[in-house]
């Protein structure tokens, strides 16, 4: 039966029994003759994770009331009279503490006021003020031309040598340079100049606070950082500063814990969902629920996006399993059948698949149908055609990669990336997030189809996620050639060494970020919060793959951050 032809109240959203249509023995293909996945089991205790849904946390009514009071204090502070540079620095601190979402309108209002102010003496000639102003305005959708930095160049067109001693100015210039577009050569020069000089002085900076900020920035620029992860680090860092604003710090801690308590309940419910699917018993695929929840928090940590996180985590966990079926477990014939079932969005033919794979297919259908049912109930919009199309497109890209591997075909880098920017899978999660958050008056079949068509913003998001994923591939994996990656494609195509290939891919990352930065200012039918989701998924990838594959294998850095962001609340002083 074709799912599109059924009634929304019957088979369209019908939950399929995971025991239905599964051949008892004929489809029970033994795993004995299949390649071993060698995936490590999850290091997370799922009984503990499930308990988070009901466990009382440290956030009580007293703390909630206190947070509300402090929020008003901070709001008054932001609207107060102060020097322009001090106002910019306050906004910067508020954003880095993870509080931007609480003061969105106030931040835009204050920045626009500073932008419209005809007096420019306060920032012209001051590298720190010029760069901080440039970055904050561009971050918040107000365009500033790159030529504001021309004044810091000498007659030969180079950045003035005396700027090498201005560490704070260099740090602000470094952060600003990551907001550049294609063709903005001055910002490219600024990035190179600031990076070189900060690396030269990072071990000899007299101020411990400034030294830590410089090293942190060189490890990962702000524009590439996930807001929630950055906030957890910066709250501790801000507490060390001499000029800390006590009530702002207190509010940041309270708000972090309030949001964390919401995330914990969501995580507990998702852990229960995962166990109830029975997929945790399948030994040939990865269990990545926790990693996907961390990614969900990178994509949209704000409390109002609970449904976005819920869908993203469920889809992400299933996507990983489907990816493992195509990469490791399934035969080419099974993958053809799998792809056909998803393309038709019809479970007829599932009896031709082994039971393990059939369970994954049925869970895919059940989860997509449940998400679609919720959207129809809550928003009056039939999303099944769009979610089904996104799943089908994804599976077709997986199948193409599987055929490349089985036939020994070596695609060019361009050919690989054209397929890979979709096979990285974020289009599916982004389409679903769009359906959940787009304003109802703008949500139409055509608008959803536009997102599914992979427009430029979504394309850059997919490309960057793909490139980061590939850079996380180990040298051993590349040498084995188990899975096709962009690094291998470039090596095969050009004869380059792995080191040279990695540098080339890193260069593509910088160029793709410039394209995405430009997209944020172009006229488009896409709007917030969807635009932000596209950028934030990339920031999640940057974290997981920065030091290797922290997604497939729970490394110490990913587990430590997961504990501090999701499990352990920030300690409050006794008087708090």
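Glycine is treated like the rest: Cβ placed from N, Cα and C.
Listed in Swiss-Prot for this protein:
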BINDING   286, 323, 327, 466, 469  (2E,6E)-farnesyl diphosphate binding site
BINDING   323, 327  Mg(2+) 1 binding site
BINDING   323, 327  Mg(2+) 2 binding site
MOTIF     323-327  motif 'DDXXD motif'
BINDING   469, 473, 477  Mg(2+) 3 binding site
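Structure coloured by features recorded in Swiss-Prot.
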residue	record	Cβ within 10 Å
286	(2E,6E)-farnesyl diphosphate binding site	21
323	(2E,6E)-farnesyl diphosphate binding site	21
327	(2E,6E)-farnesyl diphosphate binding site	19
466	(2E,6E)-farnesyl diphosphate binding site	26
469	(2E,6E)-farnesyl diphosphate binding site	21
473	Mg(2+) 3 binding site	21
DSSP-derived structure type at residue 469 ((2E,6E)-farnesyl diphosphate binding site), helix or strand or else coil: helix
Helix, strand and coil counts within the motif 'DDXXD motif' (323-327) (DSSP): 5 helix, 0 strand, 0 coil
Among 286, 327, 466, which are recorded as binding-site residues, the nearest neighbour of residue 473 (Mg(2+) 3 binding site) by Cα: 466
